[in-house]
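For reference, Swiss-Prot has these:
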- 15-18, 45-46, K50, N118, 211-218: GTP binding site (BINDING)
- D115, D155: divalent metal cation 1 binding site (BINDING)
- S156, Q213: divalent metal cation 2 binding site (BINDING)
Amino acid sequence: MITERVKMEVIGLEIPLISGNEDYTLAELISKYPLKDKDIIVIAETVVSKSEKNVILKDTIKPSNEAIELSKKLGKEPEVVQVILDESNETVRLGPNFIVTETKHGFVCANSGVDESNTSKGIKPLPKNPDKSANEIRKGIEEITGKNVGVIINDSMGRPFRKGSCGVAIGVSGVCGLWDRKGEKDLFGRELKTTEVGIADELAATASVVMGQSNEGIPLVIIRNAPVPFNDGTGKELIRKKEEDVFR
């Protein structure tokens, strides 16, 4: 016999293009949708950065000598390389046509997460403080609607031992980020000793399937009826400390 246990809904929403010059906030925009308690709102980081006017015009950037030299190796414009360096704590790996850095947030990713896609002009870094941004959006939504929701800001990142980019949570508020399941029992009564689930990353990846990573134009996703804890989780709790990273 097969029994239906869980049914989760994933709703992709098209919204107006965000420039940062709107006379409404993201919370006000999102609140126009009929939200329900325990909805999880996943927002593409591009939208958040643009709404926060975190876009740098190329003609305002003066590349350093380091950026100019690196640009020749990477095949990127010196201005783009300068922003990559400015957004990083350190360079983790450097090779022909690629640079992997640790960002100021602690993320290890290509190009410090710096992007030019889906931006009509300028260079777009990641949001300055994604957890803070997620929290402000969540609080704004709850004040307007009275609904208890979670917010995740997601981005696409590559994975070191697998091909293809995948959605990850860079900012989290109101929903679990890292789900510690140690002490729970499995189906056969054995106690879980080490299990920690990156549940916010799993939700971010789920949303990315609907968002797409090209010209789909769906930067906002509602995940409804997700069987996950709602608490004061953050994106930071998903970052492995450098001293715990056996590959660096």
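Every residue, even glycine, has its Cβ placed from backbone N, Cα and C.
Cβ-based neighbour count (10 Å, all protein chains) for I15 (GTP binding site) stands at 16. Look at the Cβ of each of the binding-site residues D115, D155 and count the other Cβ atoms within 10 Å; the largest number goes with D155. A C-beta separation below 8 Å, combined with a sequence spacing of at least six in one chain, links G217 (GTP binding site) to E14.
A Cα-Cα distance of 19 Å separates L17 (GTP binding site) from S156 (divalent metal cation 2 binding site). Cα proximity to S156 (divalent metal cation 2 binding site) (within 10 Å) is found for none of the binding-site residues I15, D115, M211.
DSSP classifies L17 (GTP binding site) as coil under the three-state reduction. Cβ neighbour count within 10 Å across all protein chains ranks S156 highest among the binding-site residues S156, Q213.
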